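Each remark here refers to the structure printed beneath this line.
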Amino acid sequence: MGLNPQLVVILLFFLECTRSHIHGCDKNHLREIIGILNEVTGEGTPCTEMDVPNVLTATKNTTESELVCRASKVLRIFYLKHGKTPCLKKNSSVLMELQRLFRAFRCLDSSISCTMNESKSTSLKDFLESLKSIMQMDYS
């Protein structure tokens, strides 16, 4: 009893979908992430002066997957109630873009566990610019 041809096609489709391109993202996901980052780092975007944990500073042993994991944890803050600062509450479009960015990060391999050192902080703008640089390196 073998597999029927339709089942083989479906299994191959799922295998292709789960294959890791660049940390699990295909070019379209990376393009979407970079597009969102371009929007939220644009000139005059409100709320980007707020402080977030500075998690994108890499040491010698830090892998790119770990940096992405940390960045995802920072972006997750904007889904939680305490991450919605008065500025973001007044500028819901920025909040929605940050939440959209977090959702776009789901294509990234989240199977690793990472820790965040929250003792140092940076501006949201600097965090997003650093994240954009990392994503653009993957895209090129």
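Heads up, the Cβ atoms here are built off N, Cα and C, so glycines get one too.
Per Swiss-Prot, disulfide bond is recorded for Cys25-Cys107 (among others).
Reduced to three states, the DSSP call for Cys87 (disulfide bond) is helix. Annotation comment: Swiss-Prot describes Cys47-Cys87 (among others) as disulfide bond, evidence class experimental evidence.
The secondary structure of Cys114 (disulfide bond), as reduced to three states from DSSP, is coil rather than helix or strand. For Cys69-Cys114 (among others), the entry in Swiss-Prot reads disulfide bond.
DSSP assigns Asn61 (N-linked glycosylation site) to coil in the three-state reduction, placing it in neither a helix nor a strand. The Cβ of Asn61 (N-linked glycosylation site) has no same-chain neighbour under 8 Å that is 6 or more residues away in sequence. The N-linked glycosylation site annotation in Swiss-Prot covers Asn61 (among others).
The N-linked glycosylation site annotation in Swiss-Prot covers Asn91 (among others) and rests on sequence analysis. The 10 Å shell around the Cβ of Asn91 (N-linked glycosylation site) contains 15 further Cβ atoms across the protein chains shown.
Under the heading N-linked glycosylation site, Swiss-Prot lists Asn117 (among others), citing sequence analysis as support. Summarising the environment of Asn117 (N-linked glycosylation site), the number of other Cβ atoms within 10 Å of its Cβ, over all protein chains shown, is 10.
Per Swiss-Prot, signal peptide is recorded for 1-20.
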Spatial neighbour of Cys107 (disulfide bond) that is closest, considering only the recorded positions Cys47, Asn91, Asn117 and their CA atoms
Asn117
Determine, to the nearest whole angstrom, how far the Cα atom of Cys47 (disulfide bond) is from the Cα atom of Asn91 (N-linked glycosylation site).
8
Given Cys87 (disulfide bond) and Asn117 (N-linked glycosylation site), what distance in Å do their CA atoms have, once rounded to a whole number?
24
Cys69, Cys107, Cys114 as disulfide-bonded residues, winner by CB count within 10 A
Cys69
